[in-house]
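Features as listed in TrEMBL:
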TRANSMEM  56-77  transmembrane segment
TRANSMEM  89-112  transmembrane segment
TRANSMEM  124-146  transmembrane segment
Amino acid sequence: MRCTVDAEMCLNGSCCCVYQAWSVGGQRSTDLWYNCMINNGGYHCKPASSEDWIQAVQALMILSLLFCFFSLIAFLYQLFKLVKGGRFFFTAIFQILASVFVMCAAIIYTVMSPDDASITQFGYAYVLAWVAFPLCLISGLIYIVLRKKE
């Protein structure tokens, strides 16, 4: 995603296209894929660094998304093929794995992100990752308890 707009269109230094920011501060925002800055009256983005820790966070978030999708497919399959009284174990396993991947990604980002606490804050996507972790975990635990009814 490349976002270049006039600085006047941005609200309080953050552009309308920065909804996925994992950290924001001053005239810049950072997500898993791009580092963006307001420069010369426009919002300019460049690819994220190629450090190992950010690539690990990217990979873990992609795995989490895949396992959430696999969970949905497994649930739909088990909904129609599971015998009466059976439990949704495959769905639960996929959901719990997705929650573990989100948690690991958020922990790595928390530990390895730059320590500019005076000018940088965590963004909405970072908070959403921490909210997604317990929700996926609770969902997986509910699927373990859940039995198919006829």
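Cβ coordinates come from backbone N, Cα and C, glycine included.
Quantities reported herein were computed from a predicted structural model and do not represent experimental measurements.
Outside the transmembrane segment (124-146) by six or more residues, the chain places 19-23, 31-32, 61, 64, 68, 71, 75, 87-89, 91-96, 98-99, 102-103, 105-106, 109 with a CB less than 8 A from a CB of the stretch. Proximity of distant same-chain residues to the transmembrane segment (89-112), defined by a Cβ-Cβ separation under 8 Å and at least 6 residues beyond the stretch ends, is recorded for 22, 51, 53-54, 56-57, 60-61, 63-65, 67-68, 70-71, 74-75, 78, 126, 129-130, 132-137, 139-141, 143-144. Residues of the same chain lying 6 or more positions beyond the ends of the transmembrane segment (56-77) and with a Cβ under 8 Å from any Cβ of it are 32-33, 48, 88, 90-91, 94-95, 97-99, 101-102, 104-105, 108-109, 129, 132, 136, 140, 143.
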